Amino acid sequence: MAVSYDLRPIGTCPVRESDNIIVKERSKLSLIGLSQDEMAEALKAIGIPERQTRMRVRQLWHWLYVRGVSNFDEMLNISKPMQEIFKKHFSIARPEIAGEQISKDGTRKWLLRFPPRGAGRPVEIETVYIPEEGRGTLCLSSQVGCTLTCSFCYTGTQVLVRNLTAEEILAQLLVARDCLGDFPDRNTPDGAIVPVEGRKITNIVMMGMGEPLYNFEAVKKALLIASDGNGLSLSKRRITLSTSGVVPGMIRTGEEIGVMLAISLHAVNDTLRDMLVPINKKYPLALLMDACRQYPGLSNAKRITFEYVMLKDVNDSLDDAKRLVQLLKGIPAKINLIPFNPWPGSNYQCSDWEQIERFADVVNQAGYASPIRIPRGRDILAACGQLKSASERLRKSERLHLEHIVNS
């Protein structure tokens, strides 16, 4: 497979003029990411009569999340004078799209640049769209960088800069829907690989940069807005939050957000998991499995997904497969087997495909679904474990090294 680094101009993604007025909009309160109650309070604060606030919130919510507008002028059932008032006080601008890459398999990756907060600098994060037959999955980031330093993950080599806000998490979804033509009256880019019918984005996974449960409140707020039936209206059964095992946040996720849960597992004993996923030293497997068994709503209809990266001669033996079955005993679960995706400087190799299939057979025979995830977007560093905002600026030597390890 040849490696493509197509940092093409953003011609494939419709960016309206209003989306680029970022500096001017920075000092204004963004309505994106506010709850309806917070939006009502913001309207009262600028002098909107209290008797009007519920109606105005409904109007704004519809235009922002159903129609997907990013310019108050497009809100056709709001008077021009009221539009001007909103423009003066609020922002609904999108972040800057600093880069877009399109894989040969149709996977798309956007590099989004957010303005500085306080005395900080602008930050960049990556968001990935994975089209499949009948569905389209958007992988969202929750932090800029990560603190967890999982040894097989590229994001773990980028130090944590800061948490993303609810606005910035939601902005990833809004930008992706803009670019894919997933709002009413928008056109899908020519040649784009998307579901033939219905929505272009059917599923959300919090599996991008960062640990979602270390940014719980912002993630919660963003996902509750994304699943609101009067707006973006994504089913909670189609939203999956993935954690490396932040045990205290897991029960809260089920109780307060109610989405599907995925566990970044990758090992069946504490010694190995301490090395692969260092947070295991704080929340070892016994605590993690106990929290899984207590997850609210857990049932055969609401299973936990366990993610297991396949590392050659590290965690891929048939004995490991048998121990995995024992570890998950009694937990309604699905096990995603993930072929390791190489990145510059990684010290691991992907398990041989035949070994992955043998591993899957052991798990399947024990009654667990264990699909092997087909790598998507490897050629643009968009596959699982490959996200890192600095990857858009890889040095030539790193690109050549990546091409060598992908093709070997």
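Each Cβ is built from the backbone N, Cα and C atoms, and glycine gets one as well.
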Subject >> Of the candidates SER227, SER233, SER242, the one that Swiss-Prot places in the S-adenosyl-L-methionine site of GLY210, GLU211, SER264, LEU265, HIS266, ASN341 >> reply: SER242
Original post:
Which recorded positions (CYS139, GLY210, HIS266) fall within 10 Å of GLU126 (active site, proton acceptor) by Cα distance?
Top reply: CYS139
Original post:
When DSSP states are folded down to helix, strand and coil, where does SER264 (S-adenosyl-L-methionine binding site) land?
Top reply: strand
Subject >> Reduced DSSP assignment, CYS153 ([4Fe-4S] cluster binding site) >> reply: coil
Subject >> Cα-Cα distance linking ASN341 (S-adenosyl-L-methionine binding site) and CYS146 ([4Fe-4S] cluster binding site), given in Å to the nearest integer >> reply: 18
